[in-house]
Structure formats: structure tokens, C-alpha cells
Amino acid sequence: MPFPSIFLNDGNQIPQLAFGTGSVNKGIDMHTVVEHAIEHGIHHIDTAQAYENEESVGRAIRESGLARSEFYVTTKLNTWRWPKHGKPSALEELRVSLKKLGLTYVDLYLIHSPTPGEDIPAIWRDFEEAKRLGLTKSIGVSNFTVQELEIFNNPEVAKIKPALNQIRLHPYNIAENESLLAFAKQHGLTIASYSTLTPITQLPGGPVDSVIARIAERLGATPAQVIFLWVKAKGSVIVTTTSRSERMDEYVAAGDLPDLTEQDVEAIDKAGAPKWRKWSATAPRFLRREGPIFITAALLFYCGRWLLT
């Protein structure tokens with residue numbers, strides 16, 4: 001059967017397979033690629049302010065000929081670019097995103113990342129108001145740790161709990177995310193996973209490869225499909241991307257394969273648990289290449305913001 005939908009803690013449902021428009025797609029006109037994803041049956045589209053392509057994503061959705069109700073659209077608030085003074089509200093930013101998308105609402109609105117020093121309670125009040133106004137059906141976060149999620153357990157901060165936390169999740173960082181996954185399960189928080197194909201696309205030749213290959217041979221599947229089934233077994237949403245038509249077919253077809261056994265999941269977890277090239281496995285590609293440069297730039301950026309206050 002195709003990938004199912006997952007119930008969020010607010011009663012809404014989210015399709016388990018999403019087409020992502022970030023990463024290498026940042027700033028690129030995504031109309032044609034998203035159009036192809038829609039043609040291949042992927043109607044959950046994940047975008048963000050930071051991706052700088054909401055206009056082309058929205059155009060592909062509107063020109064598909066399908067009803068708005070056929071789609072699930074996620075976008076994200078980017079606070080990293082906010083000036084220290086005179087910054088707009090998250091509610092205003094959502095309205096800007098909706099205008100770019102050409103939509104009256106999104107299905108899910110996320111805080112893209114917990115920017116240091118940002119007033120998360122104030123932002124979350126705007127998120128709750130956006131949900132009440134019908135500008136988004138569900139609200140959540142992205143790249144939040146357990147410690148950063150704890151704030152939402154304070155009823156003075158969150159009258160509405162986050163429905164989802166989108167994180168980097170793949171076999172080589174599953175061990176370090178165990179506490180986060182346990183927290184999510186305890187609090188009814190759905191996890192969405194990006195960079196799930198890291199063992200194939202960025203770190204081939206690692207200890208997970210042979211385990212995935214054995215499972216793939218048994219199921220008549222590809223390695224990518226096995227990883228998607230692994231994510232599915234975790235109860236997580238899969239956010240993936242490709243510009244290749246055959247890959248889209250491959251990804252969608254993974255939903256028709258048998259589920260992994262508990263032994264399969266445990267074997268992948270075990271193979272990915274050792275700290276094998278841990279930094280490479282968990283860090284974005286540009287950080288792996290230019291980590292020291294990035295850290296220096298980040299420090300200069302925040303010092304600059306502090307001096308302007």
C-alpha cells in the first residue's frame with residue numbers, strides 16, 4: 001500500500017512521504033521539479049522562507065489542476081535573517097509566505113530552527129494565533145533538541161503544543177537521537193526526518209551498507225527504499241528530494257513494499273550506532289568542508305548583531 005498518513009497530536013493528518021524543496025534547491029525555480037513530483041503522486045510539498053523558492057513552489061501547486069485539498073503544504077519561519085530591531089512578527093511572516101505561495105493557508109507552519117537569543121515564547125504566541133485564524137492547520141518546530149522542546153511544556157508558553165519536530169535523521173545519527181525520539185513519543189510529538197539517505201548520498205561504504213544490501217535483496221528493493229522503510233518503521237515523516245523522474249518513482253514505490261521486521265530495524269540501528277565518522281555523518285555538507293570558516297562567520301555575525309543593539 002502507498003505511504004499512509006500519520007495523525008498529529010492536534011487531530012490533523014500528515015502524509016508520510018514529503019517532497020522537500022530545500023538543500024541544493026535553495027534559490028532555484030522549483031516549478032518544473034515540483035510539477036513532476038505532483039505528477040508522480042507526491043502531494044506533500046515541504047518548503048521554507050530560507051529556501052527562497054516559495055513562489056515557484058506555489059505556482060506548481062496552483063497550476064496542477066488539483067484542488068487545494070489534495071495537497072499538504074509545509075513552510076517554515078526563518079528567524080536567522082531577522083534584524084535585532086524592528087523585526088516583523090511570525091504572523092506577518094506567514095502572511096508573506098502565503099502571498100508568495102498564492103495560498104490562503106498552509107497545512108503546517110514550523111519554526112525552522114531555534115535561533116540563539118530569539119524570543120521563542122513570543123514567536124509561539126504568533127504561531128498559535130496563526131492556527132486560530134486558519135492561516136495554518138498545524139504548528140510545529142524544526143531542529144529542536146529535547147532541551148529546546150522543554151519550554152513548550154510550560155502552559156504559560158504553549159497553550160497549543162507543537163505537532164511536529166523536523167530533524168536530520170538517518171542510520172548514522174539514530175543513536176544520538178534516541179533521547180529526542182523517546183521525548184517525542186512521550187509527548188505525542190511527530191518526527192519528520194530529512195537527510196535520511198545520508199548513508200547512500202554522502203557516506204557510502206560505511207557499516208550500514210551491507211545490512212541494507214541484505215534487506216534490499218530479500219525484499220527486491222533498492223537501498224534507498226530500505227532506508228525509507230526504516231524511517232517508516234520509526235513512525236516518522238520522510239522528507240526527501242530529487243530532480244530525477246526515476247527516483248521519484250522509486251521513492252513512491254517504497255510505500256508498496258512490505259514493512260521491515262523488528263530484526264531489520266534493530267540491525268540497521270546497530271550498524272549505525274558506532275561513532276563511525278560521526279562528525280561527517282551528522283553535519284551538513286558545507287560544514288564538513290568548511291566547518292572552521294562557518295564557525296568563524298557565525299561568531300562574527302552574532303557579534304555584529306550584539307554591537308547593533
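Note that Cβ sites are derived from N, Cα and C of the backbone, with glycine treated the same way.
The domain 'NADP-dependent oxidoreductase' feature in TrEMBL is assigned to 19-197. TrEMBL lists TYR51 with the feature active site, proton donor. The site 'Lowers pKa of active site Tyr' annotation in TrEMBL covers LYS76. Residues or ranges marked as substrate binding site in TrEMBL: HIS112.
Counted within 10 Å of its Cβ, the other Cβ atoms near the residue listed as 'substrate binding site' come to 20, all protein chains included. Distance from the CA of LYS76 (site 'Lowers pKa of active site Tyr') to the CA of HIS112 (substrate binding site) is 5 Å. Of the recorded positions TYR51, LYS76, LYS76 has the largest number of other Cβ atoms within 10 Å of its own Cβ. Annotated pair TYR51 (active site, proton donor) and LYS76 (site 'Lowers pKa of active site Tyr'), C-alpha to C-alpha distance, rounded: 9 Å.
DSSP classifies the residue listed as 'substrate binding site' as coil under the three-state reduction.
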